[in-house]
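What follows is a set of notes on a single structure, which appears directly below.
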Amino acid sequence: MEIYADQKYTKLVSHLYYQNSHEIVHSSKIYQLALTNPDILSQYINYPDESNESHESHDCHESQNSTHYKFRLMEIYHKMIIIDNNMDLLDLLFEIMSDDFRCDDCVILDLAIRHQRTDVFNKYIILGFDLNRLINSSTILDEIILWYHQIKKYDTGIELCDYLIDNGASISIHNYCTIINAFDTLNDKYVSFFLNKISLNDLGNLLFWYLRNYYNVNIDIVETILSNGIDINNFHEYSYMLIGKFNVPIMNLFIRYGLIIHDDVIDDACRYGNHLLVDYLMEIGHKPSKQIITNVIENHNVNIIKLFVKYNIDLSDIKPPTSPEIIQLVKSLESNGLSVDYVYGYILDKFNLSGKLCI
């Protein structure tokens with residue numbers, strides 16, 4: 001690339017370099033283009049810090065470390081694309097290292113999202129840009145959903161999402177967080193749009209992913225997915241791994257939609273130390289296997305042991321392995337007058353105080 005050689009211009013570039021000494025500015029495409037064209041330097045690089053767009057972004061996206069420098073790019077591109085509509089200059093920018101995705105591209109795509117610029121998206125699509133890659137640590141679809149939910153313009157958000165999906169953005173595991181965010185808005189238009197875009201198989205995968213990865217599961221989102229006809233007893237090949245971890249409201253919901261509770265569900269709940277679910281399952285008639293009862297007692301899971309007592313679980317055949325030395329010691333203590341009740345109580349109390357309540 002040939003750099004414009006005028007001495008006065010070179011001095012301006014040098015001044016800009018040291019005045020804005022930061023990697024994001026120096027490595028930006030607009031800076032590289034400015035080195036070849038003095039008009040770009042005067043019109044865009046030195047554009048004053050007045051763009052309202054930068055203040056919008058300050059509230060929504062930026063981290064403290066790089067805020068000023070990305071604002072600078074936002075101001076420059078806001079003037080170029082939104083105010084001047086200089087698409088010819090944007091074409092020149094795309095010619096600079098077009099295979100290298102940079103901070104500039106994040107800023108430009110962010111502007112395209114906020115100002116409904118499908119013409120800008122189309123330029124990226126022509127260049128072969130992957131619409132499923134991350135910008136600002138999330139997907140383009142996610143940015144659209146969150147932005148248009150924030151400003152309550154759902155129809156516009158849906159139009160943009162539809163355009164991008166038609167041009168290669170996929171609803172896959174890479175965008176599951178996007179769909180959950182859409183469902184989490186509880187906006188009927190967003191929810192209906194994405195439900196119509198997802199196959200039953202992908203919907204089952206989405207449900208599995210959500211239940212496995214989210215700590216605070218929104219039961220309304222779960223019901224939204226369940227109500228769309230997925231096979232609740234076979235929605236994912238590993239769904240059985242999750243059921244024993246359900247909380248009681250989620251289990252109630254699944255049962256209401258036809259979940260068949262197999263014998264191993266209560267065993268899994270015991271294994272995970274999920275005593276609230278174990279209590280619920282015992283109350284409706286399920287009982288753990290002898291092997292799990294033995295494991296619970298061996299590991300002194302006091303909360304589950306209490307439930308065995310509460311529901312009169314027969315423990316007469318349960319004999320956890322104990323070394324002959326320990327058996328002899330207990331018998332000796334008993335023969336010396338120490339109550340066996342005291343021994344059991346002491347051991348359980350010690351495990352309780354040390355927090356060993358789970359298998």
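Glycine is no exception: its Cβ is also placed from the backbone N, Cα and C atoms.
For 72-103, the entry in Swiss-Prot reads repeat 'ANK 1'.
Per-residue pLDDT, averaged over the repeat 'ANK 2' (105-133), rounds to 86. What Swiss-Prot lists as repeat 'ANK 2' is 105-133.
Swiss-Prot lists 142-173 with the feature repeat 'ANK 3'. If one looks beyond the repeat 'ANK 3' (142-173) by at least 6 residues along the same chain, the residues whose Cβ comes under 8 Å of a Cβ in the stretch are 60, 109-110, 113-114, 116, 118, 121-122, 125, 130-132, 135-136, 179, 181-182, 185, 187, 189-190, 193-194, 197-198, 202, 205, 209.
Annotation source Swiss-Prot lists repeat 'ANK 4' at 203-234.
Among the features that Swiss-Prot reports, repeat 'ANK 5' is placed at 236-260. Within the repeat 'ANK 5' (236-260), the DSSP-based counts of helix, strand and coil residues read 13 helix, 0 strand, 12 coil.
According to Swiss-Prot, the feature repeat 'ANK 6' maps to 261-287.
What Swiss-Prot lists as repeat 'ANK 7' is 288-317.
Below 8 angstroms of C-beta separation, residues 240-241, 243-248, 251, 255, 295-296, 301, 303-304, 307, 310-311, 313, 357-359 of the same chain, each at least six residues beyond the ends of the repeat 'ANK 6' (261-287), sit close to that stretch.
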